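Listed in TrEMBL:
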- 1-243: region 'Disordered' (REGION)
- 45-58: compositional bias 'Basic and acidic residues' (COMPBIAS)
- 59-69: compositional bias 'Basic residues' (COMPBIAS)
- 82-96: compositional bias 'Basic and acidic residues' (COMPBIAS)
- 125-144: compositional bias 'Acidic residues' (COMPBIAS)
- 148-165: compositional bias 'Basic residues' (COMPBIAS)
- 198-208: compositional bias 'Polar residues' (COMPBIAS)
- 209-222: compositional bias 'Acidic residues' (COMPBIAS)
- 325-550: domain 'Helicase ATP-binding' (DOMAIN)
- 589-746: domain 'Helicase C-terminal' (DOMAIN)
Amino acid sequence: MSSHHVTFGDDPFPQAEAGPSTSSYPSAGPSIHPDRLALNATLLETKKPKNKSEAQKNREKKKLKKRRKLEQAKKAAAPKTNKREWKPDPVLEALKRSTGVESIDSTESVKDERKKKKKEKQQEAEEDEADETSDGDEQLDGESEKEKRRREKREKREKRERKEKRRLEREARDNAAALEDGETHVGQEETDGDVQMEQDNLPEQQQVEYDDEGGSADEDDDARQSSPEPLEAFPLPRSAPAPAPEVLARQGLPTGLEDAEFIDQSLRLALDELQAPVKTASGEVKEMKGLSERMKEKLRETGVEDLFAVQAAILPQLLSLRLNPFPYDKLHDYLISAPTGSGKTLAYAIPIIEILQTRITTRLRALIVLPTRDLVVQVRETLEVLAKGTGLNIGSVTGQHSFTQEQSQLVADMETPLLGGSSKLDILIATPGRLMDHLASTPNFTLQHLRFLIIDEADRLLNQSFQNWLSQVLSYINPPDPPRPLPEGFNLQPWDKVASAWMEGMGLVSREEEWNESVPVTCQKFLFSATLTRDPSKVASLSLTSPKYYIVQSSQLPSIPYNIGETFSFPSTLSEKMLILPSALKPLNLIHLIYSTEFGINSGLIFTKSVESSQRLLNLLTFFNDAYINAGRKVVVSGYTGEMKAGERRRVLSDFGEGKINLLVCSDLIARGMDLPTVSNVISYDVPLDMRKYVHRVGRTARAGREGTAWTLVEKQEALHFKGMMNTAGHLKAIRKVKVKEDDLADYRESYEIAMRRLKEHYGRDA
Ligand SMILES: Nc1ncnc2c1ncn2[C@@H]1O[C@H](COP(=O)(O)OP(=O)(O)OP(=O)(O)O)[C@@H](O)[C@H]1O
């Protein structure tokens, strides 16, 4: 008969298969606990055959064979003194200790288990017998009946094997847990309840299977007691769920910049209503501080009655700042994104002047960095108007004047080494390149007393390297930093408030008694732009302290707190239009915009892609103006490019402001920051290459709450790129498409052809 049957003498604890511990005893065979061997012996003795039929005799023979095999196994498994010492099963021992029972054999659970196993085997033997007796019948009933029984038997066997496998797996798991517990909870009683709890902890599916199989907690418990030490089970490797894109984008961003505070662009605050709370060390509001009467007067003189949104939002926080902050004062750095022409200059100029005017000695306390000379001139003019009567000294370095001229403006003494420098200025406005030159080569010029660092048009400046200007400036503000190279023989110790430990470390001077002196950083940084970035890689270089982030925009627009990239703010008074046209018709369409009664653009800026293109277009428009006899009015056009001398540019701007010039054809030089109140139209003759350029170009109109229109001439082949760019910025819907019929251009054709001929003559045959 089948040799798969489990009969008497089979080891009910098949350790060799189940326990990984066998691998540690390869030559001596599996380690069998003596309690188990005793149990096997008992099982063998109690099994006796009842009948002596032929079949039974055969079975007895088989059993005898197996018994012999088992005895051989016992011998092999018995502890061998010359090889390895028998070690008690740690789980069994822990259980013995916890229950106080010396022999596990004597526990009820083990006895029950044995009885159960015995019963199972008896049943199996009886089944076998029945199979054998029915063999003859099977032949009569045909092959199918026999096969059915065999299949049933096979299934039963497989089920048993599955059950056994699961039991062994559970055993291994539980043993691992029991081993750990055995160390710490030896004294705890392991009751049926505990076992049930363990079962409860199994995954649901496993629990169901366990119940279905009819296994008991006791059986499980016994198996656990006698099982060998298992290998530690490691969880299978699993890939972690991918973080959300917005979470990734915020990686490395200072906490304060994670969420922006949105300010409605239409917010206004009367000058008299501005109140800034002055707080005590405990945070209580001591008093409210408003604008000084002198400042209000100056503002009214320049036409400012109310504060614009950006000013109303941040002035209440800045006005109460102290010139020399107390140690408990919480100082923040600020990132402010506000539309073009929304009054960002006054947002920093007012508090700087209000705070610095209380100073006693002149020291360089405010540094304003701007990307172009023209902007430096413009901001200096604004500051000078507001600071009139305060005694504050304002200067600028741009490279427009000679280096020595600028040096004499910056420092009073360049001969004597002075620890605290010798600044002649309270406020300095500079372009980054020239600032670097003075930091490197102007004796007694120092940034150690800076209270405010303003970076206007910050996105542009952060993208400019200029001898690594930003990190250089920061290192001159915040010691420790490497001492700068000084002119030969000039033995200057440039710091008068740096940490003495650092001073000594640099071999500058020994001031041991001041070693414990801490140097609080009191310089606050302010970054302004209409296209400000929160890109962590850029922001990181600023070493911001408790930064705050404000976005001024129309309340109609959705707040996008997760937008980590650039924010583009537009004035609410701006209307935007685009003409999509064949490139050959671009000049005629521009002429139509200028000369037609429908559009009649008589004041504005025309942007081209380069200085060269500006000059070409300027010539064409000049020649056309000369040739166009139906105009009824003449249009005065002039150029404004970086190639022009500073004086010439100033004169052009002044004429434009006075209305002597109607149109300025310019390169992107003027696109940023320039405040020309008379600009009612901006025409992008060549499409801007990126969104940032577009924002700054169109921002030359619709400033300070005035109405303005921006036009973009888009060649057909550029339309996809331009529209895509606008769409990405969520701005496409704001731009209205305008169509000009070819018939409308007919009126200009003759004069245009004359102008083109003259242009060709001007540039030679290939023009
Ligand atoms: N509260 C105010 N009331 C009236 N006019 C104001 C006020 N604040 C600023 N202005 C005027 O608004 C104009 C634009 O201001 P400013 O040049 O500071 O704008 P901006 O935000 O710096 O623009 P850009 O981003 O283009 O540099 C200036 O002419 C300024 O005098």
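Using the three backbone atoms N, Cα and C, a Cβ is placed for every residue, glycine included.
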For the compositional bias 'Basic residues' (148-165), the number of residues DSSP places in helix, strand and coil: 18 helix, 0 strand, 0 coil
Confidence summary (mean pLDDT) of the domain 'Helicase ATP-binding' (325-550): 81
Number of helical, extended and coil residues in the compositional bias 'Basic residues' (59-69), per DSSP: 11 helix, 0 strand, 0 coil
